[in-house]
């Protein structure tokens, strides 16, 4: 069932689709999170996993930065490993550590234990989306999921990793096992995003947080086909699709291949290490760009923030002149917990003025 809203005034959807927005659209990754006192108050009473599987908490946390900052898009509050939990993986999110997998996936026999995502386990997510689309007015709602490679890294390493050595060793040395795992995780990602799209999200973003650890050749050989299958499977919903990774300057062209060419608006996220103008030259024609203020800038005081925000907006305009179909202002990664919420509010207001 398609319950998609019509949001002709959304600057986010306009920029993503290559239309001229009435103002530069802005939202920030991890805008719903530890930078907000209201979020910290809720989380003091609930674990991360509890929050991610409670419809009312998902709704409230997703709405908090919209109320406070006036951003142009809300991103569904969740965690990258939620679909793994919904597929039966025994895991927890440990404070100050991150996701921890009870039984890491290391062998072909382990891969065979990865089950399809069970829709009923993420019913609270769908319920929350219904509540959010009723509450958000003209503000777009972005659904999200982790890309298969990043999910695979968590499963193989057993948690966050600096070098992803076990992941890359399986990828390079046990390619049949690797491809079986990636195929299973691609199915999980597709199904989790289908749940969100069927419930009414206005756009989706796929996070490949750890893809920057790969060479371009390895990304193309072992990751790109699986990521492309995610976007191809979901293109029929007709919503803008964004592909984002960290440290992916050399991969931007390949990542744009995964997300574009499917007949729907395609957006490529850019981190702060690459200018938007350079990114415009690297991605496929027909892609919009999203980014790319360094999150640390928001800790450096308003004069620094103001200069940097103006610079990103100007770089975005140059990128559009250079061929990008649009620009969505964002950070190059997530809001840091120590960020002053008032600075974020002021930065959003400044973007809207420029």
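Glycine residues also receive a Cβ, built from the backbone N, Cα and C atoms like all the rest.
As given in Swiss-Prot:
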- 30, 31, 32, 33, 34, 79, 154, 209, 333: substrate binding site (BINDING)
- 79: site 'Transition state stabilizer' (SITE)
Separation of alpha carbons, residue 79 (site 'Transition state stabilizer') and residue 34 (substrate binding site) (Å): 14
Cβ neighbour count within 10 Å of residue 32 (substrate binding site): 26
Spatial neighbours, same chain, of residue 154 (substrate binding site) - Cβ under 8 Å, 6+ residues apart: 80, 81, 84, 91, 99, 101, 160
Residues 30, 31, 32, 33, 34, 79, 154, 209, 333 [recorded substrate binders]: greatest CA to CA distance in Å: 23
Residue 333 (substrate binding site) CB neighbourhood, other CB atoms within 10 A: 23
Nonlocal neighbours by CB distance (under 8 Å) for residue 30 (substrate binding site), same chain, sequence gap 6 or more: 333, 334, 335
Packing count at residue 79 (site 'Transition state stabilizer') (other Cβ atoms within 10 Å of its Cβ): 17
Residue pair residue 32 (substrate binding site), residue 79 (site 'Transition state stabilizer') - Cα distance, angstrom, rounded: 11
Cβ atoms near residue 34 (substrate binding site) (within 10 Å, other residues, all chains): 15
Residue 154 (substrate binding site) - helix vs strand vs coil (DSSP): helix
